[in-house]
Amino acid sequence: MGELSSQEPLLLKKENEFNYLKKIPLLVSSTIKGIMWVIFIAWAAFFFVLPTEFGRELQHKTIRATDGTLFGTAGSTFLLFSFPVFMIAFLGIIRLVLSGEDEPQVKKTAKGPKFRLWTFPVLVDGPFGVVTATEMIGVILFSVYIVWAVIMYTIQNVDLLSLFDAHGMKEKSALLLELTGLRFGFIGLICLAFLFLPVARGSVLLRAIDIPFEHATRYHVWLGHLTMALFTLHGLFYVIGWAMRGRLVEELVDWKNVGVANLPGVISLAAGLLMWVTSLPGLRRKNFELFFYTHQLYVVFVVFLALHVGDFIFMMAGAGIFLFMLDRFLRFFQSRKTVDILSATCFPCGTVELVISKPANLDYNALGWIFLQIRELSWLQWHPFSVSSSPLDGKQHLAILIKVLGDWTEKLKGNILNLSVEQSETEPLLQHNRKITASVEGPYGHESPYHLTYENLILVAGGIGISPFLAILSDILHHINDGKPCLSRNILIVWAIKNSDELPLLETVDMEAICPLFSDKLNLEIQTFVTRESQPPLEEGKTPKAMQPSISPGFKGCRMSGLVGTGNIVWSGLYVVVSTIGLVITTASLNIFYVNPFNVYYWWYKGLLLIGCMAASILIFGGLVIALWHLWERKTSSKEESEDDTKKVDILQHQNEASLPKSFGEARFVNNIRYGQRPDFQEIFGSHAKSWGSVDIGVIVCGPPTLQTSVAKECRRQNLQRRGHQAIFHFNSHSFDL
């Protein structure tokens, strides 16, 4: 007896040691994250010291260290400006691989509510929209850098005037303008180094720091305005200086072999200005297609920029451009595949639900979204839509809700209804030719399901903005029912709609079927505001029912492609690493066998060769990884075929559920429908803050900008007026207005 007792502490000790070993990947992941931050801070600090004497000396030492070597001056520029970005990307891949299989960290550790910089809205009105404290810090840092760099370079320009043989005030002024234009161009290149990083939808960088592309797009817009303003000043100061010297036309068409070539710069700037003007909010909102098509001029902008400045200067922004090219090439392959639309349902309110087939190994989060192309409507138009289904609803499909608002969506609804009529009147054997062909890019979104980390949630939706919240609700119910990590216990949904015919959208979630007796574990309240109806419809108490599925062509084996940056992290990581190594090999080979032996020294030509090396490394090395990835995906899919009967049951069940009455209206929860009213967020937030107590309240809003502004303003007001141990509201937005 005593002998057994003496062994018990030893057994417990072994178990504790085993638990500790299980935490090692988390410890390594945190260490890698810290190293990534150190590299980024050092990289950003380098930009700040660059305008100083110390920064210039550091740059010159690096250039001298690689001068005469295989990579020459371009190699030094790569080490200083691009290599840190690749290092962060590689470390991010390792970190994602280590944490990829783990359950999301949703354990409650804080004893009380805490402020978070990234969820605290600071600015709610203005040209930037809603800006959180973290975003505000970034804006301030960029602004400080621009002011700092302009001041330092202006002082240097004045000192440089004495070194030039300039006679007369006019010639000195022209020279000063040209030097100032040169400095603005250099600062613009620094901003360009960041510009392409957030616009890569499946970038491992965005995944590593958990910034979804929908949020990163805002940063791309901000950086785009700043970059083009700097480049415009760059060109304008040169034009004025040349005009003062009387050689404007001569300089504009000049194409130097050694030094900066002016004509390619003019072409690049013209392409950039076209993209900039058509991206302004007013014009973009009125004519989105014009914005979309002119934005494809980024190819002209990048290529002629390389011709303008040469390889070593272009490499200052090379990392971001290369990562964007990688993402674009991968998206091309994913978008070539046609995808089965398992079912299409039309609702009376003018909303269409599409259920799309996907492979089981392609994961996404409840706040995900996809780009969709319907080839019967247009071969060029791609539209973003939020996913309305939880990844736990079924492994082989996802659903989206599409509000009929414009020409494209009107055509989609018309095609579905026409095909529905034909399907009902045609012999079953002839129906196989009647279908809608879809192509998909994505899914994209947050790397981690942050909605599961809040014990208290307020979801604010405007109209079709309810779509991602249906996915969230379904996801939470699945987690509760399956015993998966989930903190959510109190949920308030505030939904503002124009007419009551939108109410059936709630029926797409059968809560009792997902989690029987869910009200014992989840306190759910829904407040619906019907703004354009003063009273319920005549048939009070009867919710308008959805129309029958218009198309149910069934499963034909065409799923979404898993070739996406947000897909399998091992393959997407290999794609980035191998392609980057391929860039080094391709550039080195070109220098060994062509550039150095033949003494190629034309700046513009070497810039063109660098672009060619980037494209070749992606095509050859990246293409090889994509080919292997595709074979792996086919092999994995063939294994899934052995479970085909199970999949068909899963898919057909979802199709049949679309035509069956939902039990949503019979579920046990509070559902208040108010007619002729708009939500009073001050009253709603205040009352729930009192009832929920001293807690963190996650607020997620999806809707028009005015709604986001109102919610952010109330979150800020509640937090600033907070006393003692009252609740803290954490603002999060979900938008697919790209």
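Each residue, glycine too, has its Cβ placed from N, Cα and C.
Summarising the annotation, TrEMBL assigns domain 'FAD-binding FR-type' to 328-450. Residues annotated as transmembrane segment in TrEMBL: 26-50, 70-98, 136-155, 175-199, 219-243, 255-277, 297-326, 569-595, 607-632.
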Message: Please report, as numbers and ranges, the same-chain residues at least 6 past the borders of the transmembrane segment (297-326) whose CB is under 8 Å from any CB of it.
response: 72-74, 76-78, 81-83, 85-86, 89, 189-190, 192-197, 199-200, 203, 205, 260-262, 264-265, 267-268, 271-272, 274-275, 575-576, 579-580, 583, 603-604, 606-611, 614-615, 618, 622
Non-local residues, at least 6 beyond the ends, that sit with Cβ under 8 Å of the transmembrane segment (219-243): 128, 138-139, 142, 146, 174-175, 177-178, 180-182, 184-185, 187-188, 191-192, 194-195, 198-199, 250-252, 265-266, 269, 272-273, 275-276, 279
Query: Under 8 Å, at least three CB pairs between the transmembrane segment (70-98) and the transmembrane segment (26-50) (pairs 6 or more apart)?
result: yes
Task: On the DSSP side of things, how many residues of the domain 'FAD-binding FR-type' (328-450) fall into helix, strand and coil, could you say?
output: 34 helix, 41 strand, 48 coil
- line: Mean per-residue pLDDT in the domain 'FAD-binding FR-type' (328-450) works out to 83
Query: Is the transmembrane segment (136-155) packed against any residues at least 6 beyond its ends, judged by a Cβ distance under 8 Å, and which are they?
result: 44, 47-48, 50-52, 117, 122-123, 128, 180, 183, 186-187, 190-191, 219, 222, 226, 230
